[in-house]
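So that we are looking at the same thing, I have put the structure below in structure tokens.
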């Protein structure tokens, strides 16, 4: 037996192949796309975009699978021909949605196209001539949903006690049929050895282990045809026109059709990254490799398997459950780049991931609006205010600027390494950590203070340039995820729509560039109508009636003087007296330690020094500040606030902060370095 090919994966950018071939699963055109389709295509698109930014020649293939029994039934039910049905679904429902989501595929293959039919028949004839396809009669359990024969072991018992193939509404049918079969088990030893020698071939590793378990038993032959008299909607076998090829040699070969039809070598299959859902693992991990082997083509480079998207409450999503997300409604209601960001940031390949409006709004507000959008607004605004809209040159760099430059130069390799490891969410977080550090840098540098003194103008220039160039670097690191907004960000910086490679670089923003400004990059969503109803719309709470005292016959009533009625209290105008204000004890406090509160996205636990006293304060400023950035900072504390427990931690005061309409937040402090415990009055 020939040794299986090796598939080295974690290659450095210098040793990677220049060519990069990626596919997303070919979608079955018998219904409209769901949120799982959306996630998969955004995932594959982000990987493709990252590789383009890294300078690789990318070929990205998608398409629709348009033959089969289910399509014939759906067309008959709708009163149209199968071709009319797939034309509508492929062009309107699928390609239309991918365009709205910014999916940057290079080829979109339809399996009803003439070029695809020709390639399928060419490969079938080649495998048939080699003796790996034969005619036989077979009886077994057939899943209409999966469009293949299944084994008893693959069935799962439902709540009603009926065993079904996962995802099917109906139990499998017992079918006996004479079809053509592919001698798949011939290549089982080769496939097993290949998987054992290439641990990164199928990722995440848990899915590779599933396939290894499958290969412990005889995989048997694969039925690849149906009688044309029963299923006429398919590609005829070139040696027997009474049969059509069914599913596998049709759908899976669609990954290669665009290459072959463009005159490229089908051996590009050996460079492919296939991105698929876990529900079609077996066809891609067992059927497809053995088909490639029989056709004399190299095995793909990597099979990327993603899990399912769940409802926000962790339940499975479905129309029957009333919690399905309509992708068309989603893109109509929310910014596309926010959808892309939230799905990629929240989901991880190895586990089913919850998603919904709450998740989307949280990421939109905290990451995109507060962190990235506000950084852009602040930077552009300060350049306009302090430098007439022109980005100055950095003239007085300190260790802090050199630290930011080093982080910026290291970021591209870190992002690409994480993408190669399929940790897309972590790659995004690496870029956003850089953004958050830029926000801390501005807060630490206080450019608004530097602007006041002639002696610190050079320092101000350096801070403004560092912020602008840092934003450019961040935009490139995030461009694969938020492609439209990344370009808009650079336009606001005055850099036009010029593209930049994802590589270690600093100083590519020319000093003297005039910023353009523009609309808020990621506006925060307006509250829903039912969230904005004020208390006046609610009926007043009923007042408790005072119990009336009665006078008994045995107790003489007392006579009392009639007191004049008290004057009506003046209407509350929101003002307080100086005496009221004097009750508030405001003090300077120094942060000596800070940490995030577990399982609380918004809270930080601060240990502050108040003169000789040490206190614990819990504050909801986590989305603006990293814990380590606050250590050593002096803040204003409400020192005589009644203690309150937050997440089981007693908070002994309140830190004062100011937030503008754009969501920029700054802690209240003093220009002088006053001792902790100093009273504010």
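One-based numbering along the chain as shown.
Cβ atoms here come from the backbone N, Cα and C positions, even for glycine.
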Looking at the candidate ranges 5-15, 16-26, 27-37, report the one that Swiss-Prot labels motif ''HIGH' region'.
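Within the set 5-15, 16-26, 27-37, Swiss-Prot attaches motif ''HIGH' region' to 27-37.
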Given the ranges 311-315, 316-320, 321-325, which one is assigned the annotation motif ''KMSKS' region' in Swiss-Prot?
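Going through 311-315, 316-320, 321-325 one by one, Swiss-Prot flags 316-320 as motif ''KMSKS' region'.
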Can you say which of 472-521, 522-571, 572-621 is given as region 'Disordered' in Swiss-Prot?
522-571
What residues elsewhere in the chain lie close to the motif ''HIGH' region' (27-37), defined as a C-beta under 8 angstroms and at least 6 residues from its ends?
62-66, 68, 70-71, 74, 85-86, 89-90, 93-94, 97, 277, 308-309, 317, 324-325, 327-328, 330, 355
Looking only at residues six or more beyond either end of the motif ''KMSKS' region' (316-320), which have a C-beta under 8 A from one in the stretch?
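Here the qualifying positions are 34-35, 308-310.
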Using DSSP, would you call residue 319 (ATP binding site) helix, strand or coil?
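In the DSSP reduction, residue 319 (ATP binding site) maps to helix.
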Just counting, how many other CB atoms are there within 10 A of the CB of residue 319 (ATP binding site)?
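Excluding its own Cβ, residue 319 (ATP binding site) sees 9 Cβ atoms within 10 Å.
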Tell me, what is the mean pLDDT of the motif ''HIGH' region' (27-37)?
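Within the motif ''HIGH' region' (27-37), the model's average pLDDT equals 94.
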